[in-house]
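These notes are about the structure you will find just below.
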Amino acid sequence: MKQLTILGSTGSIGNSTLSVVRANPELFKVTALVAGRNVREMAQQCLEFSPRYAAMSDEHSAKSLRLLLAEQGSDTEVYSGETAACELAALDDVDQVMAAIVGIAGLPSTLAAIRAGKQVLLANKESLITCGKLFMDEVKRSRAQLLPIDSEHNAIFQSLPERIQRQLGYSSLNENGVSRIILTGSGGPFRETPLSQFSDVTPDQACAHPNWSMGRKISVDSATMMNKGLEYVEARWLFNASAEQIEVVLHPQSVIHSMVRYHDGSILAQMGTPDMRTPIAHAMAYPMRVSSGVAPLDFCKVGALTFTTPDYQRYPCLKLAIDACNAGQAATTALNAANEISVMAFLDSKIRFTDIEVINRTVVEGLLLSEPTSVEEVLVIDRKARDVAAQVIAKLNN
């Protein structure tokens, strides 16, 4: 039985992970849960899964959780803060860590799991976007096992040779017969919306993804295709790929989650119903296969599968992310930080949908930054980019 710590248990990925645990109680045991401030949901999770430990992001939330659990007779030990999250990610008796805290806030605990040599199920893409080389160097040094959770990266992982799977981030694609990685994306809810209407898009409209059930931040990223741009950056690091070895293709049905093209002309694709429980179950049980609770794909109901080239006029954030990736780690760190601030401002109805790209571009092009050589330097770049993004938003609102 695998002992599991879930970082970000009350989020979308965290809940899907617990759903897989629920479907396979003989295979997985939850040892620790880590979340932000959603006390009531964390209390429900603790009562159902009886983890030994739980941690909230602040002491006020932790105190509220302790009171709720005490009323129910739970003996789960409750802690708070980043240090606690890092300690629970590195527990000696934990085999597997789901790294699903959204944003750069998830970086310290994800790194703690890596440094402890755990099997890390990576849903926190910001770890690679901001700390790609530093992160992969830690993976190699600690001999941790990295398994991607994003549906696209998990699909690529499943379609690659076992030799690359075992040496993720360091094997040569070319030497293993791989010609190119094909990253698919649905195009989001505004794939056919006239560009003239983009400035009037509301947060609720942006969060209404046609295929996937996701959190609000990642739903907006999908609408701008910034999510695909960040996945492009992540794929470059995860699979040791050059710019020439990755292409992005729009696939509105979200049935093929990504593909790998080989030198002999073959293309291997991973297909399935668009449900995050599938890649989560794959990574949790790897190299075995277990039930995810997802309904099987019915090809007769799916009908046609279509593909198109992304339009950068419609999706300028995608192009911005690809350009930032080619510029270096400082640029992708700044872009990620700016995007977190701009998306939050949009969700709070402080800016227009079209302002997201303007803010992101202004930050990336306006900051003169040297390449980071440590996590501390990455965090400095992150803070600078957030400050500049906030300043740009303030100017837009004046």
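Keep in mind that glycine also has a Cβ here, set from the backbone N, Cα and C atoms.
Counting every protein chain shown, the Cβ of N38 (NADPH binding site) has 18 other Cβ atoms within 10 Å. DSSP assigns N38 (NADPH binding site) to coil in the three-state reduction, placing it in neither a helix nor a strand. The NADPH binding site annotation in Swiss-Prot covers T10, G11, S12, I13, G36, R37, N38, N124, E126, G215 and rests on sequence analysis.
For E231 (1-deoxy-D-xylulose 5-phosphate binding site), the same-chain residues lying six or more positions away in sequence with a CB closer than 8 A to its CB are K125, D150, E152, H153, L183, G185. Secondary structure from DSSP puts E231 (1-deoxy-D-xylulose 5-phosphate binding site) in a helix. Residues annotated as 1-deoxy-D-xylulose 5-phosphate binding site in Swiss-Prot: K125, S151, E152, S186, H209, S222, N227, K228, E231.
Just so you know, the Cβ of E152 (1-deoxy-D-xylulose 5-phosphate binding site) picks up 26 other Cβ atoms within 10 Å once every protein chain is counted. The DSSP secondary structure for E152 (1-deoxy-D-xylulose 5-phosphate binding site) is helix. The feature Mn(2+) binding site is assigned by Swiss-Prot to D150, E152, E231.
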Extent of the 1-deoxy-D-xylulose 5-phosphate binding site in Å [max Cα distance among K125, S151, E152, S186, H209, S222, N227, K228, E231]: 20
Shell of the Mn(2+) site beyond D150, E152, E231, same chain only (C-beta within 8 angstroms of their C-beta centre): K125, P148, S151, H153, N154, L183, N227, K228, E234, A235, S258
Distance, H209 (1-deoxy-D-xylulose 5-phosphate binding site) to E126 (NADPH binding site) (CA atoms, angstrom): 21
